[in-house]
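Take a look at the structure set out below.
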Amino acid sequence: LRGKEDAANNYARGHYTVGKELIEVCADRIRKLADQCEGLQGFLVFHSVGGGTGSGFGSLLLQRLALEYGGKKSKLDFCVYPSPQVSTSVVEPYNSVLSTHSLLEHTDVSFMLDNEAIYNICKKSLDIEKPTYTNLNRLIAQVISSLTSSLRFPGPLNLDINDIQTNLVPFPRLHFVLCSYAPVISKEKSEHENITVDAITNSVFSENNIMAKCQPHLGKYMACCLMYRGNIVPKEAQKAVQNIRNEKSKTVSFVDWSPTGFKCGINNSKPTTVLGENGDNMARTEKSVCMLSNTTAISQVFSRINHKFDLMYIKRAFVHWYVGEGMEEGEGL
């Protein structure tokens, strides 16, 4: 599917003007693909919320999926939020706030990512001096691969999409989730490092491994899902979780109405990485863990964007571009 013009970093253009021309064709293609599936569980949607197409057309598509499939099929959304330091557009805060409103209403789980956090992981853990988008995408791919491995391979404690949703979302609107992955280790370091279940479980709770810029120790966890892959015995995973409860009780604290907190999934297939071609430096390991956590610390991401939004909107800066594409000033803005 392709169009003849872009959304020019404008949510209203992606949602109302250009989006309206493409949504019918897009919905029809999705319908045809869905008809070919034997047991459709849901949809994975990938987009950014800072630009015009990802925020505007992404929101329109999610609304359409909600309309056509209702609550019967899960909608899991991977959204790249603007970074604190790395900005690609002046109007990112407008697009992000408008898009978030739609994500609140029309997705079941939203996994929040930001480029700056993933850049830092590539630099610090993989020793890549100038990470490219390919490097970033390969790292995000590890999270998505861990998330879907239970659907694709057998394992002693498999989790499907519905399990993830049930265990991570305590209230319908509190469905924004942080992702973290370990081990992220370069080929050179992997040769002389002992990768244990305890070590990788500790790593995913480190601020340096979380794929969105925030400080989790300042928030409280509502739910936490640990998805292990590879050569892992259930007893080892349970022991590692118990250690987190005991040793990190000050930094990993749960809300009082969710005392159990942890859900574990174990899959026997080893993690795979794409080696070589683009200067990728990620080592293949025997075991890995992906953590999905619903924590109040995610409010830090929203506060940052809200602050930037308010600074511009108080002066009505750039608002005319949105009104010119068919939005009303009171509508979201």
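Going from the start of the chain as shown, residues are counted 1 onward.
From the backbone N, Cα and C atoms, a Cβ is placed for every residue, glycine too.
Annotated features in Swiss-Prot:
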- Ser48, Gly52, Thr53, Thr88, Asn115, Asn137: GTP binding site (BINDING)
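Positions of the features from Swiss-Prot, shown on the structure.
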residue : record           : DSSP (3 states)
Ser48   : GTP binding site : strand
Thr53   : GTP binding site : helix
Thr88   : GTP binding site : coil
Asn115  : GTP binding site : helix
Asn137  : GTP binding site : helix
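Using a 10 Å Cβ-Cβ cutoff, Asn137 (GTP binding site) registers 12 neighbours. Neighbour counts of Cβ atoms within 10 Å were taken for the binding-site residues Ser48, Thr88, Asn115; the minimum is at Thr88.
Every protein chain shown contributes to the tally, and the Cβ of Gly52 (GTP binding site) ends up with 26 other Cβ atoms within 10 Å. For Thr53 (GTP binding site), the same-chain residues lying six or more positions away in sequence with a CB closer than 8 A to its CB are Asp6, Ala7, Gly14, Val18, His47.
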